[in-house]
Amino acid sequence: MHSPLPDLSGATLTVDLGAIRDNWRTLRGRLGRTACAAVLKADAYGLGADRVAPVLAAAGCRHFFVAHLEEGIALRPHVPEAAEISVLHGLMPGCEDIALAHNLTPVLNSLEQVEAWAALARRRETRLPAALQLDTGMSRMGLAPAELDRIAAEPHRLDGIDLRLVMSHLACAEQPDNSANGMQRLRFDVARRRLPAAPASLANSSAIFLGPTFHYDLARPGAALYGLAPTIGAPNPLHQVVRLQARVVQTRIIAAGDAVGYGLHFRADGPRRIATLAVGYADGFPRSLGHRGAAAYLGDVALPVVGAVSMDSITLDASALPEGALRPGTLVDLIGPHRSVDGLAAEAGTIGYEILSRFGRRFRRDHVDAAPAASSPVLVLEGVPS
Ligand SMILES: *Cc1c(COP(=O)(O)O)cnc(C)c1O
C-alpha cells in the first residue's frame with residue numbers, strides 16, 4: 001500500500017452513473033414498445049463514454065450512437081459484441097473497411113456513402129448493415145430530396161445493404177408548439193414509403209416528449225440521459241447527473257475602490273472578501289459568465305462571480321462568508337444542488353449541451369453509482385487526475 005496522492009486537480013466533476021441509468025429507464029418508460037438507444041457522441045457529452053456505456057448496456061440498452069468513426073472504434077470494447085454501434089457521420093471516403101472491421105454500422109448520409117458501402121458488400125459478397133438518414137428539413141446531414149428520388153427510382157442502389165434503420169433528425173424538438181416538428185414528421189413518412197420497409201427512428205431526447213407519433217421504432221436520446229431538460233419551459237422530469245466543484249486557490253480582502261480581474265471592470269464599493277477558484281474558460285467555464293453575477297455556492301451561500309473569467313481562474317465575492325470559511329483547496333459548487341447545467345448555460349447565453357460537452361480535460365472525473373436500492377451514493381471508482 002502506498003499513501004494516496006494529494007488531489008492535484010483544480011476541480012472535480014462527479015458523474016452519477018446511477019442517475020444516467022435512471023434517466024434511461026425513465027425515457028424507455030415513456031416509449032412503450034419503442035426501443036431506446038443511447039447517444040454517446042463527444043465522449044458521452046463529456047461525461048465518459050467508456051463509463052456510461054457499460055452501465056446502460058447492463059440496464060438493457062442494445063443500440064448506441066456516436067458521431068465519428070473513431071468514437072465508434074473507441075466505444076466497441078465497452079459494449080457487448082451484439083450491441084449495435086451506429087456512426088452518425090457515416091463514412092468518410094476510404095473508411096469503409098475500417099467501419100466493417102470494427103463492427104460499426106454507418107449512418108449513410110449521401111448517395112456517395114450508399115455507393116461506397118454497397119461496393120464493399122459486393123467485394124465481400126455479403127450484405128452489410130447500415131442506417132439511412134434522410135434530410136427532412138435541417139439541411140445538415142442525410143440524403144437530400146433529389147438523392148432520395150434517385151434511390152426510389154433505382155432501388156438496386158441499395159443491393160447488398162441490410163437496411164437496419166431509416167432515420168431523420170428534428171431541428172426544433174425542444175419546442176413542442178413549433179410547426180416544423182409536424183412538417184418534418186410528414187416528410188419523413190412520405191419519404192419512408194418510397195424506400196424498402198425498415199425500422200424507423202426520428203426522436204432525440206426532446207422528441208420523446210412530443211408524444212407517441214414521434215416515437216417510431218427506435219428513439220435516440222442523448223441530452224436527457226445526462227440530465228438536461230428536454231422541453232423548453234416545462235419541468236425537467238430527469239435527474240441531475242453532474243456536480244462540478246472547484247477548488248479555492250487563495251483568498252484576500254480588498255478595500256473600497258480596489259478592482260478585480262482583467263480589465264479592472266469590477267470595483268469594490270466597500271471592503272470585500274475575494275476568493276479565486278481554479279477553473280477558467282480553458283476548462284469550459286464560459287467567459288461570457290464574467291460580470292454577470294452568476295453564483296458559486298458554498299453549502300447554501302451564494303458567492304457571485306465578480307470580474308472577468310480568466311483562462312485558469314475565476315474570482316468570487318465571498319464576503320457573505322465568515323473569515324476562514326474558504327481555505328486553499330476548499331471545494332465550492334459551480335454546478336450542484338443550487339445550480340443546474342441548464343441554469344448555468346442560460347446565464348451564459350448558451351445551452352446545456354455546450355456546457356457539458358466542453359467541460360475541461362483538466363477536471364478530475366469521479367464516477368459514482370447510487371445503486372437503485374441504496375440510500376446514499378457509493379463511489380465505485382475514482383477518476384485518475386491526469
Ligand atoms: C446528437 C443527436 C441525437 C441526440 O440528441 P439529444 O438532443 O442530445 O437527445 C440524436 N440524433 C442525432 C442525429 C444527433 O445528432
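From the backbone N, Cα and C atoms, a Cβ is placed for every residue, glycine too.
What TrEMBL lists as active site, proton acceptor is Lys41, Tyr262. According to TrEMBL, the substrate binding site annotation covers Arg140, Met311. Residues or ranges marked as domain 'Alanine racemase C-terminal' in TrEMBL: 241-368. Look at TrEMBL and you will find Lys41 tagged as N6-(pyridoxal phosphate)lysine.
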Inter-residue C-alpha distance, Arg140 (substrate binding site) and Tyr262 (active site, proton acceptor) (nearest angstrom): 39
Cα-Cα distance linking Met311 (substrate binding site) and Lys41 (active site, proton acceptor), given in Å to the nearest integer: 26
Per-state residue totals over the domain 'Alanine racemase C-terminal' (241-368) - DSSP helix, strand, coil: 23 helix, 49 strand, 56 coil
Reported mean pLDDT - the domain 'Alanine racemase C-terminal' (241-368): 96
Those residues of the chain, 6+ apart, with a Cβ under 8 Å from that of Met311 (substrate binding site): Gly280, Tyr281, Ala282
Listed in sequence order, residues with CB under 8 A of Tyr262 (active site, proton acceptor) and six or more positions away: Gly307, Ala308, Ser310
Packing count at Lys41 (active site, proton acceptor) (other Cβ atoms within 10 Å of its Cβ): 20
Other C-beta atoms that fall within 10 angstroms of the C-beta of Arg140 (substrate binding site): 10
